[in-house]
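Read through the structure below, which is laid out as structure tokens, and then see the notes.
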């Protein structure tokens, strides 16, 4: 399925000597050693969890899930990304070593999904935060579609030139390194009347006759039982 035609093996001489470049050699070595950082926030991640089983066996592609961004070169975002989670996602992406890749999985990750119309806290597309290499639509995508997306990413890596990639990432970044988000006008300010919602009662406000009335109504046999 989606066989990868790598140019490294096309330039062979009559003496069976492979002539290639260092860039092509590094791309070839990364094809079967993608270590993903799983960033699952919603139901789309359940479909990706099916790949771990023996039916699909994503280990055959060299995928080794990592829990640390410093050991991963692929981050797979699956699910809804909220405004509160956006800085942490950008921080995880920046902690990953170069070269690094991103797969946006699911409609909620790509466009905000069903939350994009009336939700005040949903990011309308993860590509507004980090650059995306492969878009995987669906609600949710099937495991076969995830395998196809990984294969397409491997094809992209095989034809990649690293200096061109870093230059395009710098030009297409939507936020600066400091990630200072512009806070717009809020529909609801949230300034509630705290005195109306919460009125703590102290023991000094309870009349003495009320206190002794309820205390005398409880008999000793009831306390024993």
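The backbone N, Cα and C atoms fix where each Cβ goes, and this holds for glycine too.
As annotated by Swiss-Prot, [4Fe-4S] cluster binding site applies to 43, 44, 108, 139.
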Which has the fewest other CB atoms in a 10 Å radius around its CB: 43, 139, the listed binding-site residues?
139
So what sits near residue 44 ([4Fe-4S] cluster binding site) in its own chain, CB-to-CB under 8 Å and at least six residues off in sequence?
78, 79, 105, 106, 108, 109, 138, 139, 140, 141
Other than its own, how many Cβ atoms are within 10 Å of the Cβ belonging to residue 108 ([4Fe-4S] cluster binding site)?
27
Reduced to three states, what secondary structure does DSSP give residue 43 ([4Fe-4S] cluster binding site)?
coil
Environment of 43, 44, 108, 139, the listed [4Fe-4S] cluster site - residues of the same chain whose CB lies within 8 A of the CB centroid:
42, 78, 79, 80, 106, 107, 109, 113, 138, 140
